[in-house]
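Below is one structure, written out as C-alpha cells; comments come after it.
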Amino acid sequence: MSKTKPLSADEISRLEALIGYEFKEKARLDRALTHASARSAAAGNYERLEFLGDRVLGLCVAELLFSTFRNASEGELSVRLNQLVSAESCAAIGDEMGLHNFIRTGSDVKKLTGKAMLNVRADVVESLIATLYLDGGLEASRKFILKYWQGRATSVDAGRRDAKTELQEWAHARFAATPAYRVDDRSGPDHDPSFTVTVEIPGVKPETGVERSKRAAEQVAATRLLEREGVWRKSPTGN
C-alpha cells in the first residue's frame, strides 16, 4: 500500500473555508479525504465514515423533504429522496466543491474511471458529512447538507412517481406484461456494495442500472427505460 502524506495545514484551512466549518479535530478531516488504497484502516481512511455519513445524509434530506413538501405522498417523497442521495448527486456536489483536488488515493484508484470513480467521489462527500457529525454534532452536518441540498430538493422532478410502479403500469397497458428485474452483478466490499440490475419486458430492449443498493439499481434501470421509451422526460439529475 502506498504511503500518503496527510493534508497540510494550508489544505485543511482551504477545506474548512469550502465547508464553512472549523474542525476541532483536524485529523478527522484528513481521514475523511483518504481512500483505503492510500492508507490502512488502522492508519486512517474513510471506509467507516462513509457508512455513517450515508445515514446522516438520508436523515437530514428526509427531514428537509418532509418539512418542505407538506402535501407530498410517501411515494413522492421517496422519489425525491432517492434522487437527492444517489451517488450521482453526491459526486456532483463534491465536484462543485472541488473536493477531488484534496482526495488522497493510491495508484490503483487513480486508474479508475466512470462509475467506479464516481463512487469514490460520492463516498468522500458522505465521509465528510460523517466527520462533521462526529466533530460538531447533527447541527453541523445538517447545516452543511442544507447548504448544498436545499436548492436541489426543489429542482428534482416533482411529478414523477415511483419508477418501478410507473414502468409496471406502462408495461401492463402496452404489452400485457410485467417487468422482470435481474441482478447481473454485485461487487465491492460489504459496507459499500455496487449492484448492477437489468429490467426486461418481452418485446422491449432491456435497460440496466448501477447503484449502491439493489432497490436503487432497480429504480435507475426502470427510470432509464421509461426515459428511453419517451414515457418520461429525462431527469434534471441525469439518473
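Cβ coordinates are placed from backbone N, Cα and C, and glycine is handled just like the others.
Summary of the site annotation: Swiss-Prot records Mg(2+) binding at ASP123, GLU126. Screening the candidates GLU47, GLU50, GLU200 against this entry identifies GLU50 as the one listed for that site.
Ranking the active-site residues ASP54, GLU126 by how many other Cβ atoms lie within 10 angstroms of each Cβ puts ASP54 at the bottom. Of all Cβ atoms in the protein chains displayed, 28 besides its own lie within 10 Å of the Cβ of ASP123 (Mg(2+) binding site). There are 25 other CB atoms within 10 A of the CB of GLU50 (Mg(2+) binding site), with all protein chains counted.
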